[in-house]
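**Q** One structure coming up, written as structure tokens, with questions to follow.
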């Protein structure tokens, strides 16, 4: 079939050149594909103005969409889930605020206002909003380099709230401008390595609380932490250490039991609050605070005080606050959106990433004005919410109500809560983020992804959280650039007894077509890879000529470029094709194109390349192109022989 070209006599299918579009219409189409791939405006078509207004409000405030359909059955499920996650939110909020070197009360404030905002604007039914360990660590790491939380606590708190404000502004801007793809540059491998590294550092830093140390390094790298621990051997408190080990063991056992059977999820959910209660009672009865066991101390009662006046827009450290806000905003988005999507898959519904960004941004802006610091969607709290059977975001409202009651009436009960219990809660929560199984999976599947993961991990552990993030993103970006600048090219062969052409590397049974070299380009052709492709294609041609010459087979007469995977091309790419054509013409060979895509053929037409190569040498499929080449080889042998003799004469000259 391919060998004699008999099917070619019926004529090939002509490659159509798409009709030209006006510039602004084409630009509009491109922008729509880039920023609105989900076409959010389709619901507004053929609707009245009033209906469009209602749909617009429902789009930006999702609670208006599902609230009319809310039932009492949903409320019962959300009530149970909300109370359950509140039991986790209170100790976690205090613990993570302590991790961020902020007053513990700010952790409780951050579990009151932001969840209410998210319940109105968020699109996830399962996400439980609150403070996050990695964001808290980043905040402490970045702000602590310039402002000491112990020497200048007021300024430190102001900068933390200001950074939260800018995190919210950045997140909202990404959502409104539909720039969610920025977060996509944090690949799965990056997040695994970064989170695991941050979790390792957090666990090590909690040894301060477990050992009862008063002074501790503000650095996050492992060497500084280890040096700080072992340089204060004489200050270790055995009472605090014993308590810490006991509570870590208790929390690990409850976590193990809940994993063994999903019906026991409530054991793990209530364990942190149980630890706080037990620890507080134990300290109160034994007066352990007088024997080296540090406690939280006084927590003032009352709801979130306004903090608009605390936003440090005029501070000389404003640049630091902005930089910190952007970094923690990206990390908060990456974690929150990933967690929300994970649970949405389980329940078979869709969450809008851009809506989530707007919701996250607005709740952090509102939080920064009400004495809160960065909030997102922590995995541990969301997992408890999911397992507790939540139906809607009302579970966040129930949680916020429970936290409000705590703030109004119960905060004095936390006076005797030992810091070692908070450290134990953080350690057990962070151990779950050290995802070694994913790292092993990355090694098996993709070694480069494993390098990205390890780069992020070791960067966080041995340098700092920011450096680890920079290393991971840099390696990921280099991989993207490498893929763009060095696209794969492969030789295609004919699968026996078919008109199918596939890579000879993947299908060793595929046969080369005598006198025809078929090459497949597996990426768009841009200025970044045009020169590489020119050299690589030339090398394929040289290697094929040498192979044919050494085996004494038919000389190479046709070079077929399969452009089916080339989605776009720029002027540098067109120049590359022109140069390839000149080189093949000089050798007496013919360049043939197969299956150019819409954008490619349009640009080849405008650049006059089609006139140069000839419309008759552009085919719809590789099969038609090869059939045409075989037809020419078998019907035009004298001309081919003449071309070959002319080529050899030119080479001798």
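Including glycine, each Cβ sits where the backbone N, Cα and C put it.
Reproduced below are the annotations present in TrEMBL:
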type	residues	note
TRANSMEM	127-144	transmembrane segment
TRANSMEM	156-179	transmembrane segment
TRANSMEM	185-204	transmembrane segment
TRANSMEM	236-253	transmembrane segment
TRANSMEM	265-285	transmembrane segment
TRANSMEM	326-346	transmembrane segment
TRANSMEM	358-376	transmembrane segment
TRANSMEM	396-414	transmembrane segment
TRANSMEM	419-436	transmembrane segment
TRANSMEM	456-482	transmembrane segment
DOMAIN	506-629	domain 'STAS'
**Q** On the DSSP side of things, how many residues of the domain 'STAS' (506-629) fall into helix, strand and coil, could you say?
**A** 66 helix, 21 strand, 37 coil
**Q** With a Cβ cut-off under 8 Å, give me the same-chain residues at least six positions beyond the ends of the transmembrane segment (358-376) that come close to it.
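**A** Contacts with the transmembrane segment (358-376): 60, 97, 100, 102, 106, 109-115, 117-118, 121-123, 129-132, 135-136, 139, 160-165, 167-176, 304-308, 310-311, 328-329, 331-333, 335-336.
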**Q** Most CB pairs under 8 Å with the transmembrane segment (127-144): which of 156-179, 236-253, 326-346, 396-414, 456-482?
**A** 326-346
**Q** So which of 156-179, 236-253, 326-346, 396-414, 456-482 has the most C-beta pairs under 8 Å when paired with the transmembrane segment (185-204)?
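**A** Stretch with maximum Cβ contacts: 456-482.
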**Q** At a C-beta cut-off of under 8 Å, are there same-chain residues at least 6 beyond the transmembrane segment (396-414) that contact it? List them, or none.
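**A** For the transmembrane segment (396-414), the nonlocal Cβ contacts are 78-79, 81-83, 85-86, 89-90, 93-94, 104-105, 108-109, 111-113, 115-116, 118-119, 122, 127-129, 276, 280, 296, 298-304.
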**Q** For the domain 'STAS' (506-629), what's the mean pLDDT in this predicted model?
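**A** That stretch averages a pLDDT of 92.
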